[in-house]
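Shown next, in structure tokens, is the structure this report addresses.
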């Protein structure tokens with residue numbers, strides 16, 4: 001018999017292999033979708049509205065758009081195989097470089113938002129489950145409903161209005177850091193960590209202040225699913241036979257609720273948190289726009305609006321890759337948290 | 001009695017449900033002396049478990065003690081709060097539950113779970129608690145206890161889990177142990193080992209025990225005094241001997257009659273007034289089959305291997321004549337369910353052949369068998385009547401469905417007549433037909449399951465533990481029904497069960513399975529009275545017999 005961890009790793013590896021065909025499918029599908037969408041990038045990127053036919057033809061040739069779609073696909077795939085995601089017409093830089101610069105900003109924001117959401121949602125769910133049907137339970141439900149109903153850009157604007165305009169507590173909502181702060185040497189790309197590594201606590205505080213509002217407005221949106229799933233699985237857990245056993249031997253309230261009930265109830269929350277994370281990373285474009293956050297999602301949206309194929313394709317590939325990776329991490333976490341998984 | 005450890009006085013418990021308040025316990029009075037083992041026997045819904053939960057203060061939120069007192073060492077348990085209560089739970093009284101695997105935390109090593117219980121009541125170091133936990137695992141006779149300390153419940157068998165549960169319950173040497181159906185769901189042999197262990201530990205440590213069970217035989221084997229509960233009241237309290245030889249209350253009489261014993265016959269299971277209704281049916285002498293007729297079912301060298309490679313069933317052969325009843329017995333994991341499912345053609349055998357009525361059906365894939373003309377000849381009654389009925393089908397739909405699929409009947413009067421005829425044959429009142437499963441009792445659901453199976457007039461009925469989830473009194477009626485169907489309609493029964501007493505009554509022949517192969521087979525009565533192999537003997541001995549006569553007298 002394999003040890004639990006070993007078996008989990010084997011399972012994770014198998015899962016990774018089985019996701020490769022799906023990734024390839026995403027690649028081809030996005031490619032075709034971009035060609036089908038109306039809009040001619042060559043016209044868009046020509047020098048101006050008066051550009052002549054010859055100029056447009058020339059750009060088209062440069063971009064390889066004069067070839068047939070299957071040929072373009074083969075070129076595209078062979079480029080991907082060499083690690084070349086193409087060049088963005090918009091920024092003039094390789095897509096890979098653009099993504100590498102902007103991904104940490106998105107990741108930092110999403111991680112922080114997820115952390116805030118979890119810290120808020122799990123206790124809320126637990127409290128609601130401990131007193132189902134009580135005022136607390138209804139309060140949590142109302143809060144969750146509000147969080148879902150209000151779109152992120154509205155809650156974002158509200159937060160800016162209150163904390164920046166009225167109270168003046170928050171800094172300008174203009175990106176990751178105000179222009180006058182000197183940036184630390186980039187090691188992780190996560191500004192808050194880079195500042196810490198550089199020992200610049202003032203900078204760290206400035207970065208955190210910039211981060212907090214967008215993160216909170218994103219978190220508000222995902223607290224609901226996390227809190228609801230925590231409540232539901234906590235209810236099941238509290239009503240289970242093993243919690244009754246724990247109570248029958250007189251374990252303390254804390255031990256019953258945390259060690260016995262919550263640790264079992266947290267398992268489905270891990271799964272949902274993984275899904276929520278992947279969704280947030282792509283869907284936070286509105287928050288990035290409202291707070292001028294230089295992330296990948298707003299980059300991809302700009303590219304899409306200007307028919308810039310390469311960045312959009314690169315972005316979708318990146319998202320698909322992250323989705324696979326996150327699922328893998330969830331799988332491993334689950335395998336560690338639940339000893340039953342490895343023996344299926 | 002001055003030595004009373006527990007004194008329950010006119011206890012009343014009510015549950016608040018959506019349909020109003022339900023009184024589960026309606027004034028029971030009970031005493032348990034130090035070191036005594038008391039049996040609390042009753043059928044489902046009698047309030048026996050609720051009494052146990054009220055005593056240990058584990059009633060769920062909807063349940064409330066509405067009257068009476070529970071005095072434990074003179075202290076009223078129902079009034080305890082907070083820390084006083086926790087000092088009682090586990091330390092002074094503890095409980096063992098029905099489903100041992102579910103009763104243990106699935107993601108916590110069992111050693112830690114035992115240590116948790118110890119650390120709650122003793123101020124000792126974690127290492128000392130661990131050492132004590134190890135000692136306890138030894139005390140409950142778990143093999144290789146050092147290695148088992150780090151095991152999780154899913155890695156242990158049901159019997160092992162129950163031992164761990166016992167270890168947790170006795171970890172702080174409580175004065176009172178309440179065992180709620182501790183061995184229901186375990187194999188008979190495991191059941192005996194676990195109960196023996198429990199009785200031994202209780203005796204050695206001087207613990208008083210309340211054994212809550214539906215099994216009168218089990219209670220009689222281990223308890224000196226038995227209280228019988230019905231609908232929230234104690235109807236009779238006596239020693240096992242008096243209970244079995246001279247039951248006073250009508251309910252006790254019915255319960256005693258319905259509990260199968262080594263010598264009982266199907267007709268004995270119900271009391272005389274109930275018997276009148278079925279007495280009219282006289283057994284038709286079965287005509288001897290014409291010479292050269294093939295047997296109804298012939299199974300040749302059947303084997304089934306699942307993915308792991310080891311055979312679940314190997315080299316299984318049997319024959320059955322029309323109208324014959326054959327029992328298939330064995331412990332869990334012996335392959336009896338796998339065998340019955342292969343014969344029903346619900347799963348495919350790896351090797352061997354099944355010949356039904358002279359035609360080979362073993363090679364028709366299970367997926368396609370529903371198109372075979374033999375599908376309606378071989379029908380199955382499943383173990384759990386609750387789970388095997390579609391919750392969105394009424395009783396009528398359940399019975400009508402196979403008629404429409406297999407007999408090609410369309411809706412209308414003809415179908416209605418056939419369904420009503422089936423319902424009548426199984427004794428299901430016609431006004432219940434429009435009801436959904438959740439509106440029916442366990443026994444009624446079992447009847448729907450049987451009516452569905454006999455709707456297409458099968459020639460072979462495979463029954464997979466059809467009465468395991470039923471109360472004994474309901475079981476008695478269902479068994480009678482099956483026996484009558486067999487005699488009236490000449491249906492052959494393949495009866496899969498772990499309950500040897502039931503098999504002995506219902507089946508002409510019995511096949512004993514172990515680890516996927518046949519250990520012994522023969523005429524039922526002879527096989528049970530005089531088992532030839534050690535394994536069969538062990539099985540027979542493990543049945544909690546209701547001992548009558550000298551054996552019991554000697555024990556008292």
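Backbone N, Cα and C atoms are what each Cβ position is placed from, and that goes for glycine too.
TrEMBL lists A:103-334 with the feature domain 'ABC transmembrane type-1'.
Annotation source TrEMBL lists transmembrane segment at A:20-37 (among others).
Taken from TrEMBL, the feature transmembrane segment covers A:109-130 (among others).
Sequence-remote contacts of a segment are chain residues at least 6 beyond its ends whose Cβ falls under 8 Å from one of its Cβ atoms, and for the transmembrane segment (A:142-167) they are 124, 173, 213-214, 216-218, 220-221, 223-224, 227-228, 284, 286-287, 289-291. According to TrEMBL, the feature transmembrane segment maps to A:142-167 (among others).
Here TrEMBL flags A:204-227 (among others) as transmembrane segment.
Residues or ranges marked as transmembrane segment by TrEMBL: A:265-287 (among others).
Sequence annotations record features per position, and here TrEMBL assigns transmembrane segment to A:315-337 (among others).
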Distant-in-sequence neighbours of the transmembrane segment (A:315-337), which means Cβ under 8 A and at least six residues beyond its ends: 4-5, 7-9, 11-12, 15-16, 19, 22-23, 26-27, 30, 80, 85, 99, 103, 263, 266-267, 270-271, 273-274, 277-278, 281-282, 296-297, 299-300, 303
Region pair the transmembrane segment (A:265-287) / the transmembrane segment (A:109-130), three or more CB pairs under 8 Å: yes
Cβ contacts under 8 Å made by the transmembrane segment (A:109-130) with residues that lie 6+ beyond its boundaries: 136-137, 140-141, 143-144, 211-212, 214-216, 218-219, 222-224, 226-232, 234-235, 238, 257, 262, 265-266, 269, 273, 276-277, 280-281, 284, 287-288, 293, 295
